[in-house]
Amino acid sequence: MKSGRFIGVMSGTSLDGVDVVLATIDEHRVAQLASLSWPIPVSLKQAVLDICQGQQLTLSQFGQLDTQLGRLFADAVNALLKEQNLQARDIVAIGCHGQTVWHEPTGVEPHTLQIGDNNQIVARTGITVVGDFRRRDIALGGQGAPLVPAFHHALLAHPTERRMVLNIGGIANLSLLIPGQPVGGYDTGPGNMLMDAWIWRQAGKPYDKDAEWARAGKVILPLLQNMLSDPYFSQPAPKSTGREYFNYGWLERHLRHFPGVDPRDVQATLAELTAVTISEQVLLSGGCERLMVCGGGSRNPLLMARLAALLPGTEVTTTDAVGISGDDMEALAFAWLAWRTLAGLPGNLPSVTGASQETVLGAIFPANP
């Protein structure tokens, strides 16, 4: 069974940077050693946003974007190696999620697409890469997402305490770690995605730092109720979603009914939408004693306060409080999934994704010996 140093690479739906994590992994433990966040050039970020919202590209443009992202991921890995004074031979493998540009797990031909050419990463780092983690689960009738609940269960499950792990990235997803029950998990809906999109369009800021804009506004209840009527929120699990659904166009369609509103009030309403949709799903899933939050949203004081208010009797904390960096959780999970793939172990949970069976995930891109 392969064990040693692994690197995880994650570029999520928030597009706030490439997260790279170094960890030692074996069958008994996962120990994080180092991490860094690598910037995504504005032009590349915009190209990804455009394709996620349905802008058509030529095959040549699509191929160039795939190559550029692969090179970006390789640069991020090499920066971490240099920082830690490590060589390619010191690393067993890289687990690279890739950049999701489309996720449509239901319909006539279910599919998901993550890009960022893994061959570029191998060529530029000299390290074996495991990638393309989601499509095997979809081929077996699953959603292909979320995949991180398996990792949450391995690290954070408790024999008697009802726990849930909440990742608030661009999309928010919940892992249900309930003693005596199969692991559960699904996407609750938008996390930071709509809040980030709104403040970017209105104020040119990548995100609402410390929720300053949202705190200065007031929740527009009719707008909130209008958004909450979206059928995704009442859809039963298993379910997953992404930027191809909850994007700026989705927000604009709801705002048409509310002309002339204060932009800060919209920001406050979007924060409340995220908090309400998460808390409703926590309660519908039977509630928990402890909700451990990770991802960028864990640093949003308004979101954290609203979750605590909407979930009385639940201890709302961060994964940092139990020794796991909330910023690095997803990248760490894909390092762990790469270890499982190389060990020939399944990486999905049918109780979460709805797949017909457990399966080894991903494709292996071996480095030269």
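In case you wondered, yes, glycine gets a Cβ from its N, Cα and C as well.
Swiss-Prot has this to say about the protein:
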type: BINDING; residues: G12, T13, S14, L15, D16, G17, V18, D19; note: ATP binding site
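Sequence-distant neighbours of D19 (ATP binding site): residues of the same chain at least 6 apart with a C-beta under 8 Å from its C-beta are G8, V9, M10, S11, G12, S35, S37, W38, D327, D328, E330, A331. The DSSP secondary structure for T13 (ATP binding site) is coil. Listed binding-site residues: L15, V18; maximum Cβ neighbour count within 10 Å falls on V18. Note on T13 (ATP binding site): other Cβ atoms within 10 Å of its Cβ, all shown chains, come to 24. Other residues of the same chain near the ATP site, with their Cβ within 8 Å of the Cβ centroid of G12, T13, S14, L15, D16, G17, V18, D19, are M10, S11, I40, G169, G170, G296. There are 24 other Cβ atoms within 10 Å of the Cβ belonging to G12 (ATP binding site).
All chains included, 20 other C-beta atoms sit within 10 angstroms of the C-beta of D16 (ATP binding site). Spatially close to S14 (ATP binding site) yet at least six residues away along the chain are G169, G170, G191, N192, M193, D196, G296, judged by Cβ distances under 8 angstroms. Cβ neighbour count for G17 (ATP binding site): 19 (other Cβ atoms within 10 Å of its Cβ, all protein chains included).
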